[in-house]
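Participant: Here it is: the structure, laid out below.
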Amino acid sequence: MQTYDAGTFDVIVVGAGHAGVEAGLASGRMGAKTLMLTINLDMVAFMPCNPSVGGPAKGVVVREIDALGGEMGRNTDKTYIQMRMLNTGKGPAVRALRAQADKWDYQHEMKHTIEKEENITLRQGLVDRLVIEDGVCKGVITNSGAIYYAKTVVITTGTFSRGEIIVGELRYSSGPNNQQPSVKLSEHLEELGFELRRFKTGTPPRVKSSTIDYSKTEEQPGDDHPRAFSFDTVEMLLDQLPCWLTYTNETTHEIIQANLHRSPMFTATKKGTGARYCPSIEDKIVRFSDKPRHQIFLEPEGKNTEEVYVQGLSTSLPEEVQREMLRTIPGLENVEMMRVGYAIEYDAVMPDQLWPSLETKLVEGLFTAGQINGTSGYEEAAGQGLMAGINAARKVFEKEPVILGRDQAYIGVLIDDLVTKGTEEPYRLLTSRAEYRLLLRHDNADLRLTEIGHEIGLISDERYERFLAKQSAIEAEKERLQKTRIKPTAEVQAMLKEIGSGELKDGILAADLLRRPEITYDKIAQIVSRETFVTDEIAEQVEIQIKYEGYIQKSNLQVEKMKRMEDKKIPENIDYDAISGLATEALEKLKKIEPLSIAQASRISGVNPADISILLVYIEQGKIAKISK
């Protein structure tokens, strides 16, 4: 095919899903001339699976993206149809916001946001190959022969990467939602020497709302006072739609059991590794055979569509079996299936082939982000896309990459897990993966990351000023409560008795009273007058910081200990073969991962404390040898 020079850019982003849009917006907003290429312009930021954003750990990631200057939180706040805060009865470390999105509004709003950016060119095109010169990525070549040149390239092709859809015995080449897949780029990555693996994910059928008998289901409304994902959002949308809860039953399970021989999950048809934390209904029936029923949530896909997402019923069983099992579920006896559920297999680049900046080790100037790195979920993809976009732009401007620590953000935990440990299955972010989850809360994402966002140019001066004012207000109110003494008046004693708290014998500092589990900031505010107005956001922060002060201090001490290990850098040109005493597995893993610090090396599976001790001694001896010379 004849090729032609189609233009030169600073950064090219291949793909415009949830990773691609964050990568492109970050790069463009940082001043890099950015080209975003996508197979279909109508699929920008499309939600091929569940129409929701957030949830445990994932909701915190959305807040972190926003605190750094990304778009997902803002876009969700503009387009949600339901907002709920989860785990409100638990501690602040596991609270999480989850939105039901209008998937069509979400997509259109995000596309228009990109179109308005001066530094971004959004174009339809299918990338087949990369332009590589002397191990450096210099651009991309499309199937129409267009050659686009750039200083860095970010690949965010997601499940389009050599995608194959499977429904029962039917199997065909396709991206999600029957879109054109990206086949030749995967083949090209293999030619370049990248290790790819087949992963699998799935989606449930969509059904017609007007054929559902909602009287047989349980209503799941949104919060009366919804919270925002973005720290920029001032007004919340109040016109919310409910979701609905129903259950499978033994009849449903019998139909599934009778057709397991036709499910790709249990035949040789399925080659890809599926997501452990998002199992298909077939998998659930087999793995949890003692359970008489499983939850099914009916989630509207938008305000202007009849389509309802059947959450909890992900399946790749044949079409007629899907229809039959749907109609055994209470409320769905006469339901019409509008779209069939399916499994999709796709290529993933094994993420231990990446640096923590998300640049590939094999090809300089080439970054990958999103599901192509072996993750599952829109939020995980968006977090990676943001960091890849930031670092691709910073490489153009000859600046050091931004690498978030495990103590700074869930995004840091996610990327460190991927590049240090790799993954054998689609990776899902969980609160249990974070050692310092009390520090990585939903409520304090801005306090952790706004400084970085402003420094790299994604947070405006105006927003940064508001952030500094909030910080000052929190400190001022904490100081006030630490100085204000509450006397054991009749009014105070009555209030304490009413809520089951012990009465005061002497006076007590307001901050010390707030440390009691049953005492909230609102209760303190009732008995301690305030000269200035304190917003709910500031009140929440003051309460958490005072109430959990001891635990937070303990976590910070652990972080300091870990940072001392992070500060012990491993020389770039280290020869692991020259280190005697390392276990064979440790030697292989260290050579493959090429950790940047002793802390990262210690997190590699197969590298034991004894190996770390040997490595430390070797590095120290190397320093001594250099000094003596």
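Placed from the backbone N, Cα and C atoms, the Cβ positions cover glycine too.
Annotation source Swiss-Prot lists FAD binding site at Gly15, Ala16, Gly17, His18, Ala19, Gly20, Val127, Ser182, Gln371, citing sequence analysis. Swiss-Prot lists 203-226 with the feature region 'Disordered'. Per Swiss-Prot, compositional bias 'Basic and acidic residues' is recorded for 215-226. Residues or ranges marked as NAD(+) binding site in Swiss-Prot (evidence: sequence analysis): 274-288.
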Participant: Using Cβ atoms only, which residues of the same chain lie under 8 Å from Glu282 (NAD(+) binding site) while being at least 6 residues apart in sequence?
Facilitator: Ile256, Leu260, Ser263, Met265, Phe266, Thr315, Ser316, Leu317
Participant: If you count, for each of the binding-site residues Val286, Phe288, the other Cβ atoms lying within 10 Å of its Cβ, which residue has the minimum?
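Facilitator: Among the binding-site residues Val286, Phe288, the sparsest Cβ neighbourhood within 10 Å belongs to Phe288.
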Participant: According to DSSP, how is the compositional bias 'Basic and acidic residues' (215-226) divided among helix, strand and coil residues?
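Facilitator: Per-class counts: 2 helix, 3 strand, 7 coil.
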Participant: In whole Å, how far is Gly274 (NAD(+) binding site) from Gly17 (FAD binding site) when you measure between their Cα atoms?
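Facilitator: Roughly 20 Å, rounded to the nearest whole number.
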Participant: Counting other Cβ atoms within 10 Å, pick out the least crowded of the binding-site residues Ser280, Gln371.
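Facilitator: Checked Ser280, Gln371; of these binding-site residues, fewest Cβ neighbours within 10 Å: Ser280.
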Participant: At its widest, how many Å does the recorded FAD site span between Cα atoms of Gly15, Ala16, Gly17, His18, Ala19, Gly20, Val127, Ser182, Gln371?
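Facilitator: Largest pairwise Cα separation, rounded: 18 Å.
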Participant: Tell me whether Val286 (NAD(+) binding site) sits in a helix, a strand or coil according to DSSP.
Facilitator: helix
Participant: Hey, does DSSP put Val127 (FAD binding site) in a helix, a strand, or just coil?
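Facilitator: The three-state answer is strand.
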Participant: Once near-sequence residues are set aside, which residues in the chain of Ala19 (FAD binding site), 6 or more away, have Cβ atoms under 8 Å from its Cβ?
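Facilitator: Listed in sequence order, they are Thr156, Gly158, Ala369, Gly370, Gln371, Ala381, Ala382, Gln384, Gly385, Ala388.
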Participant: Mind telling me which of the binding-site residues Val127, Cys278 has the densest Cβ neighbourhood, counting other Cβ atoms within 10 Å?
Facilitator: Val127
Participant: Quick one: among the binding-site residues Gly17, Gly274, which has the most Cβ atoms sitting within 10 Å of its own Cβ?
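Facilitator: Ranked by Cβ atoms within 10 Å, first place goes to Gly17.
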Participant: Arg276, Lys284: which of these binding-site residues has the sparsest Cβ neighbourhood within 10 Å?
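Facilitator: So among Arg276, Lys284, the binding-site residues given, the one with the fewest Cβ atoms within 10 Å is Arg276.
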Participant: Can you give me the Cα-Cα distance between Arg276 (NAD(+) binding site) and Gly15 (FAD binding site) in Å, rounded to a whole number?
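Facilitator: Between the alpha carbons of Arg276 (NAD(+) binding site) and Gly15 (FAD binding site) there are 26 Å.
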Participant: Please report the distance from the Cα of Cys278 (NAD(+) binding site) to the Cα of Gly15 (FAD binding site), rounded to the nearest angstrom.
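Facilitator: Roughly 24 Å, rounded to the nearest whole number.
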Participant: Would you mind reading off the Cα separation of Val286 (NAD(+) binding site) from Val127 (FAD binding site), to the nearest angstrom?
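Facilitator: It is 40 Å, counting Cα to Cα.
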